[in-house]
Each structure stands twice: as structure tokens, then as C-alpha cells.
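S.K.: Checked TrEMBL, it gives:
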- B:His102: active site (ACT_SITE)
- B:Asp105: active site (ACT_SITE)
- B:Glu233, B:Glu269, B:Asp297, B:Asp340: Mg(2+) 1 binding site (BINDING)
- B:Glu269, B:His272, B:Asp308, B:Asp310: Mg(2+) 2 binding site (BINDING)
Protein chains: 4
Amino acid sequence: MTKTYFPNVNKIPFVGTGDLKSGFGYHYYDADKVVGGKKMRDWMRFSVAYWHTFGQQLDDIFGAGTAIRPWNGLTGMDLAKARVEASFEFYDKMGVDFFCFHDRDVAPEGDTLRETNKNLDEITDMFVEYQKQTGMKVLWNTANMFTNPRFVSGAASSPFADIFAYAAAQVKEGLDTAKKVGSSNYVFWGGREGYESLLNTDMKREQEHLAKFFHMAADYAKEIGYEGQLLLEPKPKEPMMHQYDFDAATTIAFMKTYGLDGTYKLNLEGNHANLAGHSYQHEIRTAREAGLLGSLDANQGDKLIGWDLDEFPSDLYEATLAMYEVVENGGLGKGGLNFDAKPRRSSFTPEDMFYAHIVGMDTFSAGLLVALRLKEDKVFENFVADRYSSYDAGLGADIEAGKVDFKTLNDYAIDKPQSVLLAATKSGRIEELKDTLNHYIIDTLK
Amino acid sequence: MTKTYFPNVNKIPFVGTGDLKSGFGYHYYDADKVVGGKKMRDWMRFSVAYWHTFGQQLDDIFGAGTAIRPWNGLTGMDLAKARVEASFEFYDKMGVDFFCFHDRDVAPEGDTLRETNKNLDEITDMFVEYQKQTGMKVLWNTANMFTNPRFVSGAASSPFADIFAYAAAQVKEGLDTAKKVGSSNYVFWGGREGYESLLNTDMKREQEHLAKFFHMAADYAKEIGYEGQLLLEPKPKEPMMHQYDFDAATTIAFMKTYGLDGTYKLNLEGNHANLAGHSYQHEIRTAREAGLLGSLDANQGDKLIGWDLDEFPSDLYEATLAMYEVVENGGLGKGGLNFDAKPRRSSFTPEDMFYAHIVGMDTFSAGLLVALRLKEDKVFENFVADRYSSYDAGLGADIEAGKVDFKTLNDYAIDKPQSVLLAATKSGRIEELKDTLNHYIIDTLK
Amino acid sequence: MTKTYFPNVNKIPFVGTGDLKSGFGYHYYDADKVVGGKKMRDWMRFSVAYWHTFGQQLDDIFGAGTAIRPWNGLTGMDLAKARVEASFEFYDKMGVDFFCFHDRDVAPEGDTLRETNKNLDEITDMFVEYQKQTGMKVLWNTANMFTNPRFVSGAASSPFADIFAYAAAQVKEGLDTAKKVGSSNYVFWGGREGYESLLNTDMKREQEHLAKFFHMAADYAKEIGYEGQLLLEPKPKEPMMHQYDFDAATTIAFMKTYGLDGTYKLNLEGNHANLAGHSYQHEIRTAREAGLLGSLDANQGDKLIGWDLDEFPSDLYEATLAMYEVVENGGLGKGGLNFDAKPRRSSFTPEDMFYAHIVGMDTFSAGLLVALRLKEDKVFENFVADRYSSYDAGLGADIEAGKVDFKTLNDYAIDKPQSVLLAATKSGRIEELKDTLNHYIIDTLK
Amino acid sequence: MTKTYFPNVNKIPFVGTGDLKSGFGYHYYDADKVVGGKKMRDWMRFSVAYWHTFGQQLDDIFGAGTAIRPWNGLTGMDLAKARVEASFEFYDKMGVDFFCFHDRDVAPEGDTLRETNKNLDEITDMFVEYQKQTGMKVLWNTANMFTNPRFVSGAASSPFADIFAYAAAQVKEGLDTAKKVGSSNYVFWGGREGYESLLNTDMKREQEHLAKFFHMAADYAKEIGYEGQLLLEPKPKEPMMHQYDFDAATTIAFMKTYGLDGTYKLNLEGNHANLAGHSYQHEIRTAREAGLLGSLDANQGDKLIGWDLDEFPSDLYEATLAMYEVVENGGLGKGGLNFDAKPRRSSFTPEDMFYAHIVGMDTFSAGLLVALRLKEDKVFENFVADRYSSYDAGLGADIEAGKVDFKTLNDYAIDKPQSVLLAATKSGRIEELKDTLNHYIIDTLK
Ligand SMILES: [Co+2]
Ligand SMILES: [Co+2]
Ligand SMILES: [Co+2]
Ligand SMILES: [Co+2]
Ligand SMILES: [Co+2]
Ligand SMILES: [Co+2]
Ligand SMILES: [Co+2]
Ligand SMILES: [Co+2]
């Protein structure tokens, strides 16, 4: 790593809240500071997404890539290797501990999977070497089974058995790679596992194939002794009109239907939550309460926009409420916060790569600090405890304990007048709670 | 039934497709005509929704009711009784066989549930009497647990145990009523079973209460020997910001989590599907393939509008594709097609009640005819069979039979060149299929 | 005002940021504090919406009102008068200077407009009397032409000429009232001025009638010497499927088409902006840059929800960016910030009326402080100035001055290589700017 | 044209409605048949979009192109020329009379505009030659000012003056080309004329530049004697977060603000209408009633999907209602129906290019036939005439004639009782009209 790819940026230090203008310093992320009993770096387990940060050129469906990158001009394996070198310089300067990658982000395809795997192995050898030197870890890796035209109608849910076979072979290599590079998790985002039209789709047969595929993957992971978490990442639509892993609840239904809920957990993304009509907090809570919270793709969308923006997080409300769930969960375990995010196409300089990660890391760090403070003061906890207190004793406790039935409850309620029933309800105080939340954000982050 | 409530409208006859203008005659609904092996009336099991048709005045959040109804001016039990009389005249003139009702649609509340039940019982006595005279049946009844302020934060998921108890007592009466009037189904639409804000909500505790409630309801139904189907009706939002029964898949996850999937099935509504980001066909297919298709609320929304319109169905595409799933399902069993729909607020005359049901009944009748024709000619069936044929033998059959694993699949795929893989895929022909669908609609309905 | 309606709440003082829990004190709103050259009260001109705060009971389309109000139980003119008394106690305790009302909020209808006006006049006499005693002012009044069934298909755009006439008479009284109570503005929100279906609508004829109506209103205002601003309030849909004043731009097109842009300005609401697919800032900027910014309805929606929530504002981002436009505009002139907002249906106590206004007023006060700081430091101004600087001299200045045409520009550009063209573009730095915005919010509000 | 590019498809004949399966024949499009006083080909003026049909490979943001095309493997000018040859074979086989193209669709860019224009000129020479041989016409051409990174922040609204200059030079060539190839129209779709964030945008300055650009374009068109229509094409978002030409009404506001409404008209697209929250009919009617209907991009979206699908039209309702407006307009004049549409990515064979155009052409042909029948029978016309008849005489006529004011209207209305006012309103009969529409579709198309 003697060559410098980002000569204009030095290691990003923690600088605190002195300067109002954004710059190359963290206002909140102080990696080794212990808060709520853990180092910030261990609460977060921040990860850089290889595809967005090193793999893509900021193209969109209406335009070519705008990105100015130090590796522009290179091709093939030369490009792939330069990106590896640049990526480790980037991680080091950012002070992140993890990265995530798809197989196809890091090395080019050959004509056969054997040739493709050879390229991949050569690059992952480099990863292993650099990881040894630097201590960097892989949060997760995954297989890109949506870009190549062979996956036009899905991979494991493809109507074409040869494609299923190819996908299996590709994920086999993915799991081998996960073991090799020590990935904490292996992720399945169902790129084209869904349908474009019900007119030509056997949804049940496709879902059965998909389930079978996940079982085979888990079997293979076990066989090779891979101990990372296996994760499914929901998204409701795009590129397909309907994706089978629509949202957390839909994916849980699928997992329960096919006996996968003991083996797989969820990787949840903010922008995907919004596209499904949910807040990010909703999706995380749904998974957490089901015991299935695996890892987070930390990004944000624009709720007025109907496609996946993968913006870097900057919204302190969303980050606070996401981290609130993480704190409730006691942290993310093997999971982490992966920035499945890219700078806007108009933020095309190398410096923007740093600015974008800084706003993302500082926003979630701020969110963590506010969440811990809210928990410490039991702000919502006490309110909620009081709100549901009628279930802590008496009739409510009997209901929870299964000691009553419709007949006993009927006896209890049948002569209660409306005034008494109304008196049993309490204001939910949403406006007051939102005001309090504002105060906690400001006071904690000042 | 000597008094006439709708003197301007006679019994609606089947008239066929001669007249182009809509009028008081069916173009497609020929109740006793046998198609696809059943009478049209038995395929459809059309039901009038008491609340929309007799219970409401076409108010909206910005305006008072506009409806001109023969019972305007009456109040209390007089009003309730007049509506019963008028309703049976309406059923008779429409030629429908079923109706559906909430408890609070048909009789006014008293100060206590005991008083309320007394009113309800008096009206359901009338129902039973009129049913005997006419042969009319109840498709389903349900409990309104969302209008009264006591349900401000839910019923079975209320944070307040007294409200849970009241809800239990109310549903007890509802199930007793179901047995009394012979309802084919008993429905739970989770009016306010959801949350307004996660800041003050213990989602898990609420869902556990909800599940417990459904178990108690099933127990009570069993105890009294009620043999109708128990159904949950999904809706994603409105009135709550998030409703727990968001869509079919979410409700299936809930049912599986709490062991309710053997006891309950689904009642699916078109407009609710759209609000959740799905087509109606998607929701029906999801339920059908899970073996959980119970009954249908036949209405439509406007996908550009973000609230529940409950329009009468008029879209031949949606009706055809919904009925296609029904035909695939071999009919609806104990379920039926309930018009959970109201005329627009500007369609305020009694005549509009008839026009609205006519367009709804004819649209679904047309949909049935087209669906049967498509099935008969195996239009989509053959296409789908061919599309997935690689799973019928060889490698695909081995995959389905569980005879292969990642290693054998890897051996199969690892040296296949890209050209061979691409050759394994086939065009999905969506444009061709849509064109064919148009032709079937026109040719069948001419 | 000897009777006390809200005995549990005293006058809300400014308390500063000491206490983290929301309570009956302002953290940011310090009415007489001078910031940016004006008192906070004069920047804001906060107004209470009579309809939401005193007129309604927190019902929704699925449920009856839940509100516990000190006037519950009263009816008719007794109710109307009690509300007046309570309202002035509320204004006083909140420390707001303005209120807004519809004619139908404040007094009941009679059978004829003459009787209705008599009721209204009696109440507005009370207003005038209380205004004298307290110094309270009316920000705007308006006519409710959407609730009564006679307006089923619109008022000024009704297909029925008698309804147009009635609407004209009603607005005549409205303008007389505006003059009498000294309203700073008179507002037209087009409740049902739109269509439910194009199949039965002559859109052009309806819009011509609407324009004629606005001209007559302006003529009448002039005739009686009413000097307040006349304002149109856009909303895209709800209750109608399409409302003619869809958004700011659509309303500007309408105003320009019918020669109304010299006479009318815009009243813009946050939730309406979102329903039209825009941010609130977008709508305000559109109006501001057109010279048509009249007044603001300060509320917020939930962008994942498709109907009008009219939430009290609590989002510091939206409030900051809205106030940024207000500061750019040099204030709101005769306009103000009216809380067209209601507590959630589950926030049903009288105390919630206060909490809700507190979070609203503090959020916009906070927004003002941040906006002034951003302007003072020219944070966005300098960035924008630099970004467009190529238009300040040379070719860009010639373009703006109209000194060039396609031929001279062709000569300039035709031989420029791609590298030179790319070098003319600069990063938009969106991520950096969002990070900076976070810092300004925190640092200003600490 | 001796080489055959599409050997598997012959000229598509009119075959009528005999065969139910879609195939290589028109069921409704009978080009020279006279209906409603014109040949079908002249009502429609169908146009193939060069970019979708010959220029693209069916890639999407998550995947590479899947299209199997006879020119795959060629590059540079060889590719460009092969596409020209193939395109004319395609037009001939389809029997369409027009095509549309962007400059960058048809020929590759060089390093400078001079080199780029040279390539373009060479291809448009071929166009002219083939047009002479075949009689094919260009409906419109346009400039792609969104793909190249130089347009990252817009073209005429770019913050960078050099880019404005380049855009001007590019459109100069575009107008020269329009004259050369005889385009009936020249279209401006504002690809990146909008903003990504208001934080870094001077919206007014950008819009002033845009307006200036359109004036210069119109001046140059006049100068060279180009007599085609100049058209703006609205789209609300994508690729930019907000596009300045949001919808028809917004574009009309812009045109009126900057004095462009005498010079420019509108080109309206179905999918863009939906993305803006409107039906296609709404957008066309808005333009038609403003006298600004220029041309149509005939495609459809999926209203449950938030991005631009550009599907080929297959919905008989939308096509009928769009054509209803066209018939009301007396045809499209210089405009036409351009299929701004592509087969789905999974419809990747050359045959799908034909199937897709067939469903599009037949759907709009069907729509024309239904629309003419509806007009002939005055179905909606008579209903609307009756609905608004109170404005044809008496008070209503006085209102329209400007003979009344608020005072005279007040005198008229002030003593009318509620019963009389209600009696002045009539049911809108939406359900009945929708049923009638279904009957007309079926009966006309059988
Ligand atoms: Co994403
Ligand atoms: Co992701
Ligand atoms: Co509904
Ligand atoms: Co329903
Ligand atoms: Co509103
Ligand atoms: Co408002
Ligand atoms: Co488009
Ligand atoms: Co277009």
C-alpha cells in the first residue's frame, strides 16, 4: 500500500462539535469511547459497501457514470486489484472496521464459473493478506445474482433449472469465500427473486425452489463449518414488480412456512422499509420482537420518491429510532451497520466519498448517543410501562396468564357503563413525546 | 314487507348484452345459469354489505351525509327496523343470496353491553324471521370495535385491559349471533388493532394480546358449536398509521407465529390490497397458495389515491384476474363475494344503490366468464407449464425431489459457458399475454 | 371571562432548554425576544385554527369523536358561545396573537343563509368585543363550502347555478366578516372544487366559473374597502379525487390563465405539499420566487400515509427549511403561521391541546433560530453563489443579458473537448451540506 | 435493404378479431380504414421510438441488457448504420408511418460536438435517403442532454454556463436536423432540468435560464424556417428528485410566466402522468382545454410502482379515455402517438419487439373505435350537458355572462331554504357511467 489513492484526505479524526461546517473530522464518532458499556465501534460495527464505494461509477438509468475515481482508466484484473488497494486506504482513513462485498463487485466474470471463481479467489487472497496486515474484517459477503442476463427471471426462483444450478454453484463459492475471509454474516438479497407479472408466474413453485435453495445453502454452510449468520434482506419491489421478500413480516411468513426461521435472520435496510410503506424503526422492531434481527443496511430514502435511492443517512430522527431498537436489542451481535449507500450522482469527486461516509457515521453515532440517553432516563419505557399497566395485575394479568375466557370476560364487562369504559382509556400523548424527543436530540448532541 | 321502500325499481332481470346503456338489468349475471359446472350464484355467493348500503349516509371526513334514503327521518330502533325491512326488499330486487353486517350497523348501542345486546337481539330476531321467509343467508357478521371512543387505541390490542374484556364480551355476542343467524363465516377486521406511533407502543405485547383474543374466540366458537369459518381481514393502514394485519403475508406471519393458521383463514379486499402496494390478484394468490383463502371483499380503489375508497368494482381486468384465482381455487367454499363498497358521495339517490350493485355484480360475473374461458383454453396454464418445464425432468426434477446439493449442482454448472446459460432462459412474453387477455375479455363478453 | 375552561393549565411561560421533558413551557418561543431584527412573535404571527382546536371532536372516518372538552354537553348557540370564551382563554394561556376560523366553525347553520348569518354575526360580535379587550387579531377567516350536502359537487365550481349563487352569498358575508373582525387575510381552500370523475365533468366550464367567482370576490372586497390579502390554498386531492388547486404551480397556472395573479396570493400547507409529491420547502419556494407567498398553514404529514393528517409540526428539518424561505422572503407580511393541525385522536384530553401547540410553536421557533443562523453565516448562500458563479461574468453574464444566441453559443462550444466540458462542472456536495445542516440545528438549539 | 434483420416476422396484416391468441396480426388496426371521417393511420400517426426499439438493450439499474438483437456485436458507426437498416425494415413490417429519435440514439458521440455532429449528419443522410424510398416520416426528434456526465446538473438549467452553451449548440444541430429530416415536431424532455436538493439550488435562476433557452430555440427555429411544432414533455421526477416540468399544469405555469405559451405546446406521456399523481386522461384534458395539446407519448405505467416503466399500452380503459380526448380535440394535428415504451427486460427476443408494438397499436386502435362510438352516441356529452344545464339559461347564464355580482347573488340566495338548495343538486351517476363504459368497450370491440 505504498501508492496513495486519496492524497487529498488524511485519516479522519474525532474533532467534536466545535466546527459547524462539515469537514474531514467526526463530530460524534469517537471509536474507542465507551458509551452504554461498549466502545462506539463495537455498538456500530460500521461497514463500507464495496459495490457503492469502489465498484460503481454513479450511473443511473438515464445517465452514464460521473464518478471521478483514482482507478478510472484501468480494466479487468488491474482495475480489480487497484480497487483493493484503494479500499484498504479508504477504510484506514475512515477508521471503519468492516466491509461488505458481492462476488461480482470485486473481480470480473469469466466465461464459465470456474474462470470467474479463479478471478474471485485471486482477489480474496489479497483481501486475506490485507486483512492480516490491518485487522479489517468482513461484515458480510454475498452473491450478485441479478446483474447478468442469465438471471433475467431470478436465480434460485428462476423458471429455468440450469440457472438454479448455476446460482447454487455461485453461492457455494460465496460460502467458501465467507469462510476464507472470515465474514461475520452471509447475506441473500433477492435481487430478481420475484415476478414481473402473475400472468406467466407459478409463484408457489418459485417460492418452493427458493426455500429449497436456502436449505441447501444452510446445509452447505454447516458442512464446511462456516459459523457466520445467514441473513435474508427484504425489499418490496425494484427491480422486479414484486419481490418475494417484500418486507420483514413477509419474509418471516416465508421463513416460517418453509422451516427457515431457526436458520436465517434478517438484514434490514432503511430505504427498503420506506418502499414497503414502513418506517425503518418499524422493520427493525418487527425483526427484533421476532428474535430475528440480524444486521442493518444503514441508508435512507426520500419518502416522496418511489425508487431505491440508497442515500447516506443524515436524518437524526431515523438514526435515533433505529439505534433505539439496537440498544433495546443489546447491540447487533454478529451484525453491524453497513452503508448500503452511495453519494448522489452529482457528488462525484473522491472527497464526496469521505463526506458521505462522515455524515452517515456521525448521524448513526449521534443516534446511538441519543438512544442511550433515552434508555438511561427511561423516557419511553416509563411511559409505555404506565400505559399498559392494567395488564400487570388483576384482570389484565389474568388475561395474559390465560386464566379467563370469553364467558368470564363477558361477566366482567357486560354491565359496565360507557363512562367507566372511557375512564379506562388514557391519552397516548404523541405530541408531548415528540417534543421530548426533540429535546433529547438537541441536548445530547450539543 | 307490505311497505315498499324502493318504488322506482323493480326486480332486476337478466337482460343480456343488447342495451349499451347501463340500466336496471344484468348483462352478465344470470343467477341460475350453469357455467364451469356450477350456477353463477354459487360461484359468486354475492353479498350486500349492510353498513355501506343501509347503515351509512355517504358522509366523508370533510362532509356530512348526502344520501337520500327512504328511512331518513327515523331514529333509534324505529330506524333499525325500517332498515331491516328495506334491506330485504333490496336483496330481493337485486337477486342476491347473502348479506353481511357489523353488530353496530343493525342496532343502536345502549349504555351497557347488556342493553346494546338487547337491541341487537331484537333486530337479529327479525333477520331470522325474514331469512325464513325469503331464504336469504348471512355470508358473515362481525363486530364493530373501532367507532366507539372506548376503542381509541384498539380493542383486543388495546393497552387497557377493560377494553380487551369488553371486546371479548362483544365478540362473544357476535359469535352467538353468527350461530343464530347461520352466518357462513365470522370476520375480524382489525379496525384499530395497530399503532399510531411506535414511541408509545409495546407492539409485541399488543400482538400477544391479539393472538390470545383470537384463540379465545376460536375456543368459544367451538364451545357453542359454531361451524362457520373464522376469518381475518388484512388492511395496511387507515385508520391507524400501521395496522397489524397489514396484508395477506403479514397476517400469515402473525397466524404462524401464534399458532392460528389452522383455525383462521383470510378475507381479502381489493382496495386494501392496493393500499398495501399489491394488486388484488397478488393478495388472493398469496392466500390461495397458502391454503388460506377464505372469502373476498369485492371492491376497488384508485391506485393514485392513498385512502380506502371502497368503490364498487367496475374494472374488468381486476375482476377477471380475481375470479381467475377463485376458479383455480375451485370456488370460494363457505366464502363469497361481499361488496364492501359504497356509491360515491355524489351518487346519493336510492337508484344509485341499485346501479352501484349492478356494475359490481356484472363486473364480477363478466370476470367469472372470462376466467372460465381462459382456464378452459389453458391460456396461461400452458404457457406456465412450458416455462417451468425444465423442472419436470432431469436436473430440475432432481432439484425438486431433493436429490442434489450445492456440490452436485456445482459440478453441473461450473464449466457451462455463458452462451449455454443464456440459452436456458426464455422470453416471458408479457406483452403477448396481455394482448391475448384483451382478446379473451372482448370475445367472451360480446 | 370569569369562568375557567382549562383550570389545569396556566399561562405557558418561556422556560428555555433546561428541562428535557416536554411540559407547559416554551423552550424556544420567547415572544418578545428580538432575533434577526424582529420580535419572534412578529416573525411567526402564530395563529390557532378554531376548527381543529375548538370546533372538532377528533372523529375520523372510522370513529366518533374522542375529545374531552370543557364544552361537551352544550349545543347550538350555547355551545358556540362557550367555545368563544374558552378560545380566548386558550389564546391567552398559549400567548398567541392570532386565530383563524371558518364561518361554520363558530356558529350553527339555520335553514336559510339569512338565519345562518344571524348566528354568525352574533358570534363575531363577541369576537370583536373580546378582541378589543385582549388585542387578539384574526389572521384569516374563510367559508366552509364543503361540509353541507348542497356542496356535494363543489361550490363555485358546482354544476348547479343555485349553489354557485349560494356560495357567492356566503363569501359575501365572509368578506363582510373579514372587514368587521379585521382579518389580515381572507382564504379560499377549494374543499370540493375539483372532480370525482372526468366522465361526468366539464373541467373547463367549472374552472371558468371558479375564476369568475374569484374575480367577483375581489371586486366585492374592493367595494367594501376590505384591505386584507386574498389567498388560495392548494391541495391535490381529498376529499375530491382531483382538486383544481393541486399545488402551488397548478394554482399559479390557474391564476395566470384567468388574470388572478395580481389579486390573489397563496396560503401553503405542509401536509398538502406532501400529498402532491413535494416537500413543504418546495411549495414555499415556488410561491416565494413567483412573488406569491401569502401565508402558511404550519402542519406536517407522514409521507408514508396517503391522506391529510394535519399533524402538529415537530420535525426540526421541515420547520428549519420552511423558515429559511420565510427569512429569505423577509418575513410573511400580512401572512402568518396558522396551525391547521389537530392532536391525534388518541391525544384526547384538554392538556393535549396545549402540548400539541407547544410542540408546534417550539418547532417553528427553533426553525426560525436555525434559519437565521444559516443566513447570518451565509452557509447555503455562499455555496450557491459559488456554484452559479459562471453566470456572473463572461459567457454566463452574456447569456443572462440576452447578448448571445444559438449561433454564437454554437461557435463557443462546438470544438470544446469532453475533458474541458467535464471540468466546467462541480460537485453539488449534498452530503456535506446535509451534515452541516445537522450541526447548525444542534448548535443553534442547544 | 437487401439484408433481412427480422427473418422470422413478415409484414403484420390486419386480421380482425377471429383469433383469440395474440399473434403477428392486427385485430383492430386497419390503417386505411376510414372511421370518424379519417383513416385510422391519420387519427393515430403511430410512431416507433428509436431509443427503446433500436437503441437500447433492456438493461436496468440492477442488470445488464438482455436484448437479443440482430445488430449485437457491432460497434460505432457500423452499429449505427445497421440499426438504421433494421429500423426501416421494422417500420415497414409494422406498417407504421413515423419514428422519433434523440440525436444520441442514432449515432455515437465524438470528443467534440463537431465530431459528434459529423456522425449524426452521416446517419441522418441515411434517414433522408430511406425516407425518400419508403415515405416514412419523422414525428419528432430531440436532443439527449441527460446521459453524458457533463449534464450531471442539467443542460439549459445547469449551474455551469459552458454546459448551457453546449446544450444550445446541441439543440441548434437538433433543429437543423429537424428541418433536414422533416420532423413534424421538435421535443424537449427536461431530462435533468430540475434539482436534487434545494440546499444547493437557485431554482429561480435555473428556470430563468431554461426559459431563455427555449426562447433562443424558438428564435433559431424561426430563423431557419423550421415549421414543426415545438413541444415540452412534462415528467415529475426521475432522474432528478424534482423536475421543473412536473406535469401539464406546472409546465403551463412556467410557459405563462416566461411568455412561452404562444410558441410551445405539450407532449404528454401516460406513465409520467401517473408518476405525478394524475390519470393520463387528466393530463391530456388539461392540455387540450388550455389549447396546448401537441402530441402524445403512448405508454403506460403501473400505478403501484414509483418509477417510469414505459410499458407498452395494453389497458383498454386508458387508451379509450386518452383517445376520447383526442377525438374531442379533432385529432392530433402535427402530433401523433409515439410509443415511448420498451418490452419488459424479460421479453428479450426480436419477436417481442413486434408483439409489444402490436399490443400497443391494437390497444390504441381499439380505444379510438370506442371513443368514436361514445362520441357518436353522445354518451357522456348528453349527460354532461344535462348536468350543467342550469348555466344555459336564467341565473346560470347571467353568471357566465358576467351580469351578476355578489350582491345580486346574495339577494337571490339568502332566503332559499336548505330543501330548495338540495333539490338543485343531482346525482353524478358515476357507477352507472362506468357500467355503460364497459358495455361500449365490449360491444364496439367484439
Ligand atoms: Co437499497
Ligand atoms: Co441493502
Ligand atoms: Co376498504
Ligand atoms: Co372489507
Ligand atoms: Co390539511
Ligand atoms: Co390548511
Ligand atoms: Co417515461
Ligand atoms: Co416520453
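Don't overthink the numbers, they just go from 1 along the chain as shown.
Cβ coordinates come from backbone N, Cα and C, glycine included.
Fair warning: this is a prediction, and the values are worked out from it, not measured in the lab.
Surface or core, plus neighbours and distances: that's what I need for these features.
M.R.: Take the CB of B:His102 (active site) and look out to 10 A: across all protein chains shown you find 21 other CB atoms.
In the structure as shown, the Cβ atom of B:Asp105 (active site) sits within 10 Å of 21 other Cβ atoms.
A simple way to gauge crowding: the CB of B:Glu233 (Mg(2+) 1 binding site) has 22 other CB atoms within 10 angstroms, across all the protein chains here.
In three-state terms derived from DSSP, B:Asp310 (Mg(2+) 2 binding site) belongs to neither a helical nor a strand segment and is classed as coil. Of all Cβ atoms in the shown protein chains, 20 besides its own fall within 10 Å of the Cβ of B:Asp310 (Mg(2+) 2 binding site).
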S.K.: Consider only the recorded positions B:Asp105, B:Glu233, B:Glu269, B:Asp297, B:Asp308: which of them have a Cβ under 6 Å from an atom of ligand 3? Write none if no residue does.
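M.R.: Among the recorded positions listed, those whose Cβ sits under 6 Å from ligand 3 are B:Glu269, B:Asp308.
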S.K.: I need the CA-to-CA distance for B:Asp310 (Mg(2+) 2 binding site) versus B:Asp340 (Mg(2+) 1 binding site), whole Å please.
M.R.: 6
S.K.: Under 6 Å from ligand 7 by C-beta, which of these recorded positions make it: B:His102, B:His272, B:Asp310? Sequence order, please.
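M.R.: Near ligand 7: none of them.
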S.K.: Under a three-state reading of DSSP, tell me whether B:His272 (Mg(2+) 2 binding site) is helix, strand or coil.
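M.R.: Looking at the DSSP assignment, B:His272 (Mg(2+) 2 binding site) belongs to a helix.
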S.K.: Give the distance between the Cα atoms of B:Asp308 (Mg(2+) 2 binding site) and B:Asp340 (Mg(2+) 1 binding site), rounded to the nearest whole Å.
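M.R.: A Cα-Cα distance of 11 Å.
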S.K.: Can you name the residues of this chain that are 6 or more positions from B:Glu269 (Mg(2+) 1 binding site) yet have a C-beta less than 8 Å from its C-beta?
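M.R.: In sequence order, the residues whose Cβ lies under 8 Å from that of B:Glu269 (Mg(2+) 1 binding site) (at least 6 apart) are B:Glu233, B:Pro234, B:Lys235, B:Leu296, B:Asp297, B:Asn299, B:Asp340.
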S.K.: What same-chain residues, at least 6 away in sequence, bring their CB to under 8 Å of the CB of B:His272 (Mg(2+) 2 binding site)?
M.R.: B:Glu233, B:Pro234, B:Lys235, B:Pro236, B:Asp247, B:Glu283, B:Asp297, B:Asp308
S.K.: Taking only the binding-site residues B:Asp308, B:Asp310, B:Asp340, which have a CB closer than 6 angstroms to any atom that belongs to ligand 4?
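M.R.: Passing the 6 Å Cβ check against ligand 4: B:Asp340.
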S.K.: Taking the Cβ of B:Asp340 (Mg(2+) 1 binding site) as centre, how many other Cβ atoms lie within 10 Å?
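M.R.: So the Cβ neighbour count for B:Asp340 (Mg(2+) 1 binding site) comes to 24.
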S.K.: Work out the three-state DSSP category of B:Asp340 (Mg(2+) 1 binding site).
M.R.: coil
S.K.: List, in sequence order, the residues of the same chain other than B:Glu269, B:His272, B:Asp308, B:Asp310 whose Cβ lies within 8 Å of the centroid of the Cβ atoms of the recorded Mg(2+) 2 site.
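M.R.: After dropping the recorded site residues, what remains is B:Lys235, B:Gly270, B:Asn271, B:Leu275, B:Asp297, B:Asn299, B:Gly301, B:Leu309, B:Asp340.
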